[in-house]
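For reference, Swiss-Prot has these:
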type	residues	note
TRANSMEM	16-36	transmembrane segment
TRANSMEM	347-367	transmembrane segment
TRANSMEM	369-389	transmembrane segment
TRANSMEM	396-416	transmembrane segment
TRANSMEM	440-460	transmembrane segment
TRANSMEM	472-492	transmembrane segment
TRANSMEM	537-557	transmembrane segment
TRANSMEM	863-883	transmembrane segment
TRANSMEM	888-908	transmembrane segment
TRANSMEM	911-931	transmembrane segment
TRANSMEM	968-988	transmembrane segment
TRANSMEM	998-1018	transmembrane segment
Amino acid sequence: MQVLPPSSTGGPSRLFIMRPVATTLLMVAILLAGIIGYRALPVSALPEVDYPTIQVVTLYPGASPDVMTSAVTAPLERQFGQMSGLKQMSSQSSGGASVITLQFQLTLPLDVAEQEVQAAINAATNLLPSDLPNPPVYSKVNPADPPIMTLAVTSTAMPMTQVEDMVETRVAQKISQISGVGLVTLSGGQRPAVRVKLNAQAIAALGLTSETVRTAITGANVNSAKGSLDGPSRAVTLSANDQMQSAEEYRQLIIAYQNGAPIRLGDVATVEQGAENSWLGAWANKEQAIVMNVQRQPGANIISTADSIRQMLPQLTESLPKSVKVTVLSDRTTNIRASVNDTQFELMMAIALVVMIIYLFLRNIPATIIPGFAVPLSLIGTFAVMVFLDFSINNLTLMALTIATGFVVDDAIVVIENISRYIEKGEKPLAAALKGAGEIGFTIISLTFSLIAVLIPLLFMGDIVGRLFREFAITLAVAILISAVVSLTLTPMMCARMLSQESLRKQNRFSRASEKMFDRIIAAYGRGLAKVLNHPWLTLSVALSTLLLSVLLWVFIPKGFFPVQDNGIIQGTLQAPQSSSFANMAQRQRQVADVILQDPAVQSLTSFVGVDGTNPSLNSARLQINLKPLDERDDRVQKVIARLQTAVDKVPGVDLFLQPTQDLTIDTQVSRTQYQFTLQATSLDALSTWVPELMEKLQQLPQLSDVSSDWQDKGLVAYVNVDRDSASRLGISMADVDNALYNAFGQRLISTIYTQANQYRVVLEHNTENTPGLAALDTIRLTSSDGGVVPLSSIAKIEQRFAPLSINHLDQFPVTTISFNVPDNYSLGDAVQAIMDTEKTLNLPVDITTQFQGSTLAFQSALGSTVWLIVAAVVAMYIVLGILYESFIHPITILSTLPTAGVGALLALMIAGSELDVIAIIGIILLIGIVKKNAIMMIDFALAAEREQGMSPRDAIYQACLLRFRPILMTTLAALLGALPLMLSTGVGAELRRPLGIGMVGGLIVSQVLTLFTTPVIYLLFDRLALWTKSRFARHEEEA
């Protein structure tokens, strides 16, 4: 048994060194808790930071954009505008569809928002059109969030109407019930219906009108209560043949009598089973299909939701006929899993590299095993805390753990190195452990709390970016805290049991060679340091130059928001001339599909044409291009997009806009390109004046590409100019005119067929095959007050005009969105500045306001707060260090190392061609915490040497630098190698991880070289300043 000197207290580590069994069991408990926590943690791409978002869709077939705006959208907007917690309200009113997107404050629970939306819809019900086929429908989903899964349902033997009916009743409803699913949309528009196509000439010859037919159909098909008979002994429920279920029954319907002979519907119309809306279509690759897009609720876990869908699919497909095929075209979780797996691999690689560095420096297997236990234990223990905080395993938390690999090993290295030094001097292992751990305990606490202080400002970042990095910061802080605990408990205990003079002195050829190499390096460093200390002002000028250089680099480096990820899915919008019909657009879409599917990187394609909740007009089509896995294609998504756009440019009459889907979705509307800029006015006339002028200037800017606008005011309109006097004389009202037009051309839903499983519509329209275009208006007939039939042309003139294809609002005012991409040789910061400069040259009137939207707006907000964030991190660290050292001066000495890290990080980013984005900024903030460790280790030992050995400040700092050179170099290389796998990552999601690694590696290299020389010089300068200040105060006191 070793006899311990009385001074060998060991500080806070003594209890754990002396009780190895208790310490071991405590560490086993941390390990088990972490393993259990890891298995319980959900997996996602990023932390769940979605805004509470609700979409309200109202369909009114046949209504123009102007009617939809005034009769549907505006009443709803007025009610929604009164809700508390509403952050932004945007709407899009197009032909037959109104879509309102409500984005609420991050602090408002989605369920509370849902209740408010339902109450507002109820309040607006009486203000909406009485013939609205269906009330407004809301869904808890962000329309700009790409679907988590896309499925295509096809059949070679069944019509699409039957396929959609089965999908809607048997598949979509079941998927909608899965927890986390926000909305299941069916694209393809093939809902079954009975279509009644009136022969205008036939009903005119019989003296009938479309209104006569509509009234007859409506009255012949009803489904209402009839009562029951309650007799003395039996009760009988009343029923009747009041419903018609098939097209054949409708053909036989008598709509009128002439000369005693019945006129049946089949005599004046073509009645057939068909689709409810014939102007909708969807395709999977080149095959017509029903496409199911599954979107998640904001905040729902994407992995567990997708897994639940996958588990249910076999059961659902078994309920369908064998000729019906269900294909999963895209699953976002495939890339998310691959990205998380790559990050996990990089984490393991970082651990292996760090352990290798430890062996290289310590040259001793027992000494290497000790931190080899400490590093994984600290990281695994973090998972237990993550579970209690409702975190997930995602790219950011795994990045935090990967970076933490270099952090957490520092503490263990510092402890082992200090204990080993005493063992090599001849101390017994137990005594050395107690003495070394006690001596280094304060340093470990200083390192830990000063590093955590750097992370505190991240917790106070505002808006969605702050929420995004909350998990990153807390995960890293927890890992650092656990590391400190392990380093003060397990590490010294293992050193006392595993290290000995024999094991440390035992050398092989490698250890002897490396020892000589390190001795030569330390000797060279000592000579260089002596020269530097003899020329302090030159060194100080270098330090000041790095500060100036860091500011200049900060100003000139290209700035961005969030790295553009390659998730293997591309969203696209196909734009054709504004007067394009559905048939024309469908043909163009097929031409484009042929071109896209020839690209070797494309795996599948879904496309949609028609007006619904996601597509505003007939002249546009939505595309989703699913790429092959990254390891099966040669190019990343940006090169694929450029290649596809070049190929599609050869298709005449269409423009294709493409953008890669991203894990982080801040936008609330589906835009054509990545970034948005809005013009908002009090009237549409103001927009029609200024939007074209601004577009012309923006399209000339080299900083922008793919500039487009959703302002489309050249849609063809047949304006029916009714002579009201003539109409009134004949007893014809404007309501009669509107009804006649709606009956003929609005695909009017006039009746409902009820079944046990679903409801189907009866659609009324004119058969216009023989009278295309404006000539069809000549066939319209109206009934006068005396029962006569009056041609529409006798009381109205038809004028062709232009009008908007859709009317968009932002917070109830007209708005247009200009979308743009950023070319490869420019940054988002360049594009934003160019737009702002262009706007100033236009001198826009006061009634027009401009604003960036989505990720561009978030970029502006993040850029504005970045400098304050870094300042806050520095101030927080100064306060913590000042408290720990009870000094105003020493924290400044420690913080003087920071400019060198900034210069290294910014230079590395510029050399690598990376932007200074949010991820890179987080790396710079972490560097603030890392590089000051070098100064802390030097200053701690210098102060101890001055205090305990009576050394002069110069001798003390010189000895401290030589004494701590090896652990400083070791810890810096460990942190560098912890970040290296992130810098070199090439797999799925590498774009997200690489800026963090580049910035940290560059900052660590430059700071390591410079701070070894600048820190001791600044330490001595501040020491002289302190002495001078004290002497001045002393002189003043003597004179007083």
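Placed from the backbone N, Cα and C atoms, the Cβ positions cover glycine too.
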Stretch of maximal Cβ-Cβ contact with the transmembrane segment (968-988) [cut-off: under 8 Å; candidates 347-367, 396-416, 863-883]: 396-416
Candidate ranges 396-416, 440-460, 472-492 - greatest C-beta contact count to the transmembrane segment (863-883) (under 8 angstroms): 440-460
Positions on the same chain near the transmembrane segment (998-1018), where near means CB under 8 A and six or more residues out: 403, 525, 528-529, 532-533, 536, 539-540, 542-543, 546, 893-894, 896-897, 900-909, 911-912, 914, 920, 923-924, 926-927, 930-931, 934-935, 938-939, 957-958, 960-961, 965, 968-969, 972, 975-976, 979-980, 982-983
Recorded stretch that, among 347-367, 472-492, 537-557, has the most CB pairs under 8 Å to the transmembrane segment (396-416): 472-492
Interface-richest range of 347-367, 472-492, 537-557, 911-931 toward the transmembrane segment (440-460), CB pairs under 8 Å: 472-492
Residues from the same chain, set at least six apart from the ends of the transmembrane segment (472-492), whose C-beta lies under 8 A from its own: 10-13, 16-17, 23-24, 26-27, 30, 47, 370-371, 373-374, 377-379, 381-382, 385-386, 389, 391, 396-397, 399-401, 403-404, 407-409, 411-412, 414-416, 419, 433-434, 436-437, 441, 444-445, 447-448, 451-452, 455, 458-459, 922, 926
Distal contacts, the transmembrane segment (347-367) - CB-CB under 8 A, six or more residues away: 375-376, 379, 398, 401-402, 405-406, 409, 413, 416-417, 420, 498-499, 503-504, 506-507, 510-511, 514-515, 518, 966, 969-970, 973-974, 977-981
